[in-house]
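Record features, source Swiss-Prot:
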type	residues	note
BINDING	Ala7, Pro8, Ser9, Gly10, Thr11, Gly12, Lys13, Ser14	ATP binding site
DOMAIN	1-182	domain 'Guanylate kinase-like'
Amino acid sequence: MLYIISAPSGTGKSSLLQALLRTKRLPLHEIRISISHTTRAMRPGEINGQHYYFISVEEFEKLIDQDAFLEYARVFNHYYGTLRQEVDSILINSVDILLDIDWQGAKQIYAIRKDVRSIFIIPPSKDELHRRLHKRGQDQEEVINQRISQAVAEMIHYTEYDYLIINDDFHTALSDLNTIICAEQLHMNNQKIRYKTLISRLLQ
């Protein structure tokens with residue numbers, strides 16, 4: 001199963017995903033996060049190949065010409081994209097995958113795949129979003145205001161998703177994310193594929 005996770009900048013999405021991957025009890029089955037390619041500069045603390053693959057605009061556009069991306073979008077004048085090969089190599093091993101992408105990428109994937117569930121994460125208020133962006137210390141006030149305006153434009157698309165999480169309290173939001181993924185992993189359509197051999201033996 002492929003899980004699309006989208007949220008405006010500053011909502012806490014990256015922290016939630018990293019916490020989810022560190023959780024030992026949940027989800028029930030193995031899950032990995034796809035590492036996207038981007039043309040933006042690395043931020044302090046980021047590691048190439050762990051947070052993103054940081055490449056040039058020329059390299060990115062060459063990959064576009066090669067139809068290498070499952071999805072891609074231009075956000076804040078930077079490219080972001082998910083390589084088709086990386087996603088396929090994970091899914092072929094019956095491992096669930098998380099895609100940290102925006103609504104534009106989600107729309108592209110929905111058009112070509114059916115094995116998808118989508119989750120949209122929003123902040124409890126604009127004031128709280130502003131506080132988080134300011135606390136992050138990465139942008140000037142003008143850029144923060146631009147990000148908030150962009151966040152509103154992104155949040156308009158929340159009804160296009162299967163699930164909605166309000167990240168007011170981090171631990172509650174993490175629990176909600178765990179619950180959604182565990183429920184999907186237990187869905188009949190997924191379980192009968194995952195345990196096809198076991199079920200076949202039981203019914204002989």
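Cβ from N, Cα, C; glycine included.
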- request: Could you work out which of the binding-site residues (Gly10, Gly12) has its C-beta surrounded by the smallest number of other C-beta atoms within 10 A?
  value: Gly12
- prompt: Inside 8 A of the center formed by the CB atoms of Ala7, Pro8, Ser9, Gly10, Thr11, Gly12, Lys13, Ser14, which other residues of the chain have their CB, for the recorded ATP site?
  reply: Ile121, Pro123, Arg132, Asn167
- prompt: Which of Ser9, Thr11, Ser14 has the fewest nearby Cβ atoms, counting only those within 10 Å, among these binding-site residues?
  reply: Ser14
Message: On the three-state reduction of DSSP, what should I expect for Lys13 (ATP binding site)?
response: helix
- prompt: Averaged over the whole of the domain 'Guanylate kinase-like' (1-182), what is the pLDDT?
  reply: 92
